[in-house]
Amino acid sequence: MKNILSIVAKQTKNNQTNAQASVVFVVDKNLKHHFVNEKQLKEFDYKGEGVFFVQETKTLYIGIERIDSDCLREAGCAAVRYFKNLHYENFKIGVYGDDKCMYALILGMYLGVYQFDKYKSNKKEGVLKQIFIVNEGYDKKFKLPEEDLMIRAQIVAQAMSDVRDVVNMIPYEATPEFLAKWSKQIAKTHKLECNILGKKELKKEKMNAFLAVNRASVNDPYLIHLSYKPKKAKTKIVLVGKGLTYDCGGLSLKPSDFMVTMKADKSGGCAVIGILQAVASLKLPIEVHGIVGATENMIGGDAYKPDDVLFSREGKSIEVRNTDAEGRLVLADCLSYAQDLKPDYLVDFATLTGACVVGLGEYTSGIMGYNKDLKDRFETLALQSGELVAQLPFNKHLEKLVESKIADICNVAGSRYGGAITAGIFLGAFIRKEFREKWLHIDIAGPAFVEKDWDVNTYGASAAGVRAGIEFINDIALRG
Ligand code: BES
Ligand code: ZN
Ligand code: ZN
């Protein structure tokens, strides 16, 4: 979706900005705020909670707990959603908090316009076109947001909207080939390199685990390799994404109810593509590669089977006991390819396990890896970006569970407990010693697809991983 909303910051004196409506945040139920018409609100018995619109003054009051990034991002989104389908072309809003707060507020407002109506006959055109951020002299301690901060929010929101659009697309359209074409398009617009490996090249690369997952699909697999190489970059980050454009489970077929939403099994791959788009637009001074393993996991006479043994690119043999644990097979080969690029940091994003959703709930992504400092760093930055994350620790007892009697490793663990971690441990077995401390695995299975609106997310794809990934890369670019 192209963002049609324009947000402008204006320094004006008392009530000089003519807008059709105003938004006022009521902080911690405090109706004594400068902007608040206390008497009027009391008359309506509004106590500073939730959303309340006063027709006479065309003012929308939104209660927030406190002035911080998380509250403002969510409230900004709520304000836009409120006006989106009404007949207001614009509204004005004051300045709340420091730069970080204002960035979150602006990002939330951009995300509020998102809607996915590609398959609706009646597309509702939003009327809301413009938001004025004004500092009408009420609050001297806050300053208007700078231009670059506003552009940054717009770039991140645009990447998220694009990722949501593609993840929301039906599997009949959003095929591996489509992801490859989309990547090429982004590469052209943002001057990235884009290298696409088809079936022939994947065979040459000995990516037999990846190829086995694809076997029963009528759609060819593609490995997408996007690279952003600015001059004088000192650090190299390689991102890897699971791009399953559909996961029916294969011969270990999913029950019907679990199959619905599996078009979103490409979320990790799409997030990686979106992050590359944003990193290039932001012109971050760091080398970033995005590698996406794009395929379907289907069923048919040619399907790979439980009992098969696959010979991966990294040289390890894999016993297949469940064809629905396909993401780790695709990622094993993609991570192998990624390590040849000699990254300083290697991060994969994947909707890898239902167990991660059971363990952490549907709002939180799992962070795994061998390097505690790196996990801590990613956790802090992801939370700062507005994404919920938590660490899931490996241990030597769980490590034993992926042993196989007939091959080097088994694609499912011997116990159903700790399934998110044992999947992470499986991936870890394909990470060479020299990259163990540089690698992170992010399981986004929970938040990637939203069944009920929450925070800045509306029904459908959320673009999980995009904000966290950009924040992480930006921090590495700044501090190494
Ligand atoms: N794509 C699924 C994981 C998933 C589940 C993502 C729910 C989003 C929501 C993955 O390929 C899968 O099916 N994993 C299996 C692994 C099991 C067979 C060891 C799972 O989680 O059940
Ligand atoms: Zn699966
Ligand atoms: Zn899957």
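Placement of Cβ uses the backbone N, Cα and C atoms for every residue, glycine included.
According to TrEMBL, the features are:
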type     : residues               : note
BINDING  : K242, D247, D265, E326 : Mn(2+) 2 binding site
BINDING  : D247, D324, E326       : Mn(2+) 1 binding site
ACT_SITE : K254                   : active site
DOMAIN   : 322-329                : domain 'Cytosol aminopeptidase'
ACT_SITE : R328                   : active site
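Sequence features, as recorded in TrEMBL, placed on the structure.
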residue	record	contacts (Cβ under 8 Å, 6+ apart)
K242	Mn(2+) 2 binding site	D265, K266, S267, G268, G269, G293, G327, V330, L331, D348, F349, A350, T351, L352
D247	Mn(2+) 2 binding site	K254, M262, D265, E296, N297, D324, E326, G327
R328	active site	L352, N411, A423, F426, L427
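What surrounds the Mn(2+) 1 site, by Cβ distance within 8 Å of the Cβ centroid and not counting D247, D324, E326, is the set V213, L244, C248, G249, G250, S252, K254, D265, N297, T323, A325, G327 from the same chain.
DSSP classifies D247 (Mn(2+) 2 binding site) as strand under the three-state reduction. Each of V213, L244, M262, K266, N297, G327, V330, A350, T351 belongs to the same chain as K242, D247, D265, E326, is absent from that list, and has a C-beta within 8 angstroms of the C-beta centroid marking the Mn(2+) 2 site. Less than 6 Å separates the Cβ from ligand 1 in the case of D247, D265, D324, drawn from the recorded positions K242, D247, D265, D324, R328 in sequence order. Each of the binding-site residues D265, D324, E326 was scored by other CB atoms within 10 A of its CB, and the lowest score goes to D324. Within 10 Å of the C-beta of K254 (active site) there are 16 other C-beta atoms, taking all protein chains into account. For ligand 2, the recorded positions lying close by, meaning a CB under 6 A from one of its atoms, are E326; the full candidate list was K242, K254, D265, E326. Look at D324 (Mn(2+) 1 binding site): DSSP puts it in coil. Taken residue by residue with DSSP, D265 (Mn(2+) 2 binding site) is part of a helix. Filtering D247, D265, D324 by Cβ distance to ligand 3 (under 6 A) retains the following binding-site residues: D247, D265. Summarising model confidence by region, the domain 'Cytosol aminopeptidase' (322-329) averages a pLDDT of 98.
K242 (Mn(2+) 2 binding site) falls within a strand segment according to DSSP.
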